[in-house]
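Engineer: Copying in the features that TrEMBL gives for the protein in this structure:
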- Glu92: active site, proton donor/acceptor (ACT_SITE)
- 1-122: domain 'Peptidase M14' (DOMAIN)
Amino acid sequence: GSVVASYPYDDSPTHKPTGIYSKSADDEVFKYLAKAYASHHPIMRTGKPNCPGEEGETFQDGITNGAQWYDVEGGMQDYNYVWANCFEITLELSCCKYPPTSELQQEWENNRDSLLAFIEKV
């Protein structure tokens, strides 16, 4: 996991594992939506999730193009965009896949304003 808003495309023509910006026709809209969420999140907006084992990983403005981060062939985000005209971003909300119950209230606090800002844009 990480703390970042990712947007299409997740797949690239070369399928290089990382580092290929795979721009969609609606790239500016996706960046706008991803930034709407990230800019209201206290950790995401820093662009420095500081996840264990990935302490040096950074994301400008707390967002990333999926394929630039890591290539995912056949992902749901790309499929929905291409075949259903559904604009979808992926929100990585925690370094931990299954945060303990004791951390859920803080996760809600971290994401509440972001979620409301995102809903307003949608």
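Any Cβ shown, glycine's included, is placed from N, Cα and C.
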Engineer: Provide the number of Cβ atoms within 10 Å of the Cβ of Glu92 (active site, proton donor/acceptor), excluding the reference atom itself.
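Structural biologist: Taking every protein chain into account, the count is 17.
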Engineer: Please average pLDDT over the domain 'Peptidase M14' (1-122) for the predicted structure.
Structural biologist: 96
Engineer: For the domain 'Peptidase M14' (1-122), DSSP counts of helix, strand and coil?
Structural biologist: 52 helix, 16 strand, 54 coil
